[in-house]
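Quick notes on the structure that follows.
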Amino acid sequence: MIKGSAGIVKTQEYHYSSPIVLESGETLPSLTLAYETYGKLNREKSNAILVCHALSGDAHVAGFHEGDTKPGWWDSVIGPGKALDTDRYFVICSNVLGGCKGSTGPSSINPETGKPFGAKFPVITIRDMVNAQKLLIDHLGISQLYAVVGGSMGGMQVLQWTVSYPDATRKAVVIAATGYSTPQQIAFNEVGRKAIISDPHWNGGDYYGKTLPTHGLALARMVGHITYLSNESMHEKFGRALQGKDRIGFDFSTDFKIESYLHHQGDTFTRRFDANSYLYITKAIDYFDLTKDGSLTTGLAGVNAAFLVISVSSDWLYPPYQSQEIVSALTANDAEIHYCEIRSNYGHDAFLLESGQLNYIVGRFLSRTVVRDVMITDVHTIEEGTTIAVTARRMVNQGLNHLPVLSANGQLAGIVTSWDIAKAVASNFLWLDEIMSRDVVTTTPDEPIEAAAKRMEEHAISALPVIDEEQHVIGLITADAISVLVGRANP
Ligand SMILES: CC(=O)SCCNC(=O)CCNC(=O)[C@H](O)C(C)(C)COP(=O)(O)OP(=O)(O)OC[C@H]1O[C@@H](n2cnc3c(N)ncnc32)[C@H](O)[C@@H]1OP(=O)(O)O
Ligand SMILES: N[C@@H](CCO)C(=O)O
């Protein structure tokens, strides 16, 4: 497969000018979201994928800004032929509410005072971030997303989407995330926040246009960055190698490469990130908790999407057991769920680095079509014991070629086709039970579409009832629907 670039992109802005009530009960007077899009929205508006970014990401997820040599932060998985294939999908990414890359956040001007919000910005949550994204998606005229995808805090937003708006996305990809923040995660975030707040230049959050609290922010990033790596990857990358010297200095200057590396990560971060945004976004992460009455199963009870959950073997910040808890909760709720643990030494940041594994796993999940995706759910049925005359009239009036027959307890008992009816009339049969096929070939909602199509071909039939575990008919899939699917390029 030839993998290409999403090309040159520009960040756009969406303005929402009405007040927004936040989860805290506070109100934001208006909202701006910075966003980018890649690929084309199809006519049915059914191929949109929203990418949600992690703590320090932004809307520039793929392609290049004019004149730049470095692509967006997840360019390795977004573009023609990649997992989020921009030849098929319309990919959207927006900077989160509370961020500092074009969306409304603490560094934005408060329209009521004409000054940056600073620490007067209301505390926001992951749910608020998702509500803001929903406004953007509505603005783009998309009633249902094909998928929502994200790693780390992006994965939390994905889960929140499926809970807040159960019918607004068909698929959900949750990578290196959790259903709730643990004390250990909160603890690391609090150390970062304390580092910022203890910097005298933080000045109660009022530092815009003055000296910035870079020292505190760099320290916060250093602590955070350690949690994004793994013990193995640090060994591999740095070992005990010294930085620019042959022997240890017996002083407090930089000795080891790992120290120099962390200083570099801290320093570069302060050039691209706002300290107040760091405070607000880490708070949103800490507050994230989808459990209800202490149970994640209860918290995820209303979801409808098909899920792919991915964890990373060496991630000790969001360890695989947390992804497995999401999987258990979804399984208990009968959700369609696929789980995969990536083998990687990179630690938490593997979701940004393991492009080979991610392209394969996410690409397969996104391009996989199952019966549920194309079945008709508004299925006409008829009861056993009906006369052929009544059945024939029903089929003619509704323009039906296939009619599942139900027993008195609502289970599938047989099927009748217009061809059966024609034969029955010719042979003077009176009752449906005399002519219906009792040995019905069926399918289930999660069967891959290719398997269902093959079965239809083998049995030379043109429709399959879709049944649940209790033999109730929940849909119907026709050969016509499958040929439409095969014939069109976009999902
Ligand atoms: C969704 C989102 O999260 S979006 C934001 C994602 N991006 C970030 O978070 C940026 C911060 N960086 C990271 O998180 C990670 O570094 C990644 C995942 C993006 C990239 O990982 P890698 O490709 O393995 O890069 P690595 O961690 O080795 O860092 C390379 C940098 O460290 C520097 N470096 C390496 N060794 C040393 C050293 N001994 N001393 C000083 N600097 C060093 C390199 O020069 C390079 O600098 P540059 O980034 O300014 O060019
Ligand atoms: N590198 C990621 C880690 C948090 O998931 C970020 O900075 O957003």
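Yeah, the Cβs are placed from backbone N, Cα and C, and that goes for glycine too.
So that you can see what the record holds, here are the features copied from TrEMBL:
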ACT_SITE  SER152  active site, nucleophile
ACT_SITE  ASP315  active site
ACT_SITE  HIS348  active site
BINDING   ARG221, ASP349  substrate binding site
DOMAIN    375-434  domain 'CBS'
DOMAIN    436-491  domain 'CBS'
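In this structure, ASP315 (active site) belongs to neither helix nor strand by DSSP; it is coil. In the three-state DSSP reading, ASP349 (substrate binding site) counts as helix. Among the recorded positions SER152, ARG221, ASP315, ASP349, the residues whose Cβ lies under 6 Å from any atom of ligand 2 are, in sequence order, SER152, ASP349. Taking a C-beta cut-off of under 8 Å and a sequence gap of six or more, the residue listed as 'active site, nucleophile' has these contacts in its own chain: ALA54, LEU55, ILE175, ALA176, ALA177, TYR318, HIS348, PHE351. Sequence-distant contacts of ARG221 (substrate binding site), defined by Cβ-Cβ distance under 8 angstroms and a gap of at least six in the same chain, are GLY192, GLN265, GLY266, PHE269, THR270, PHE273.
Looking at the domain 'CBS' (436-491) alone, the prediction's average pLDDT is 85. For the pair formed by ASP315 (active site) and ASP349 (substrate binding site), distance between Cα atoms is given as 8 Å, rounded to the nearest Å. Only ASP349, of the recorded positions ARG221, ASP315, HIS348, ASP349, place a Cβ under 6 Å from an atom of ligand 1.
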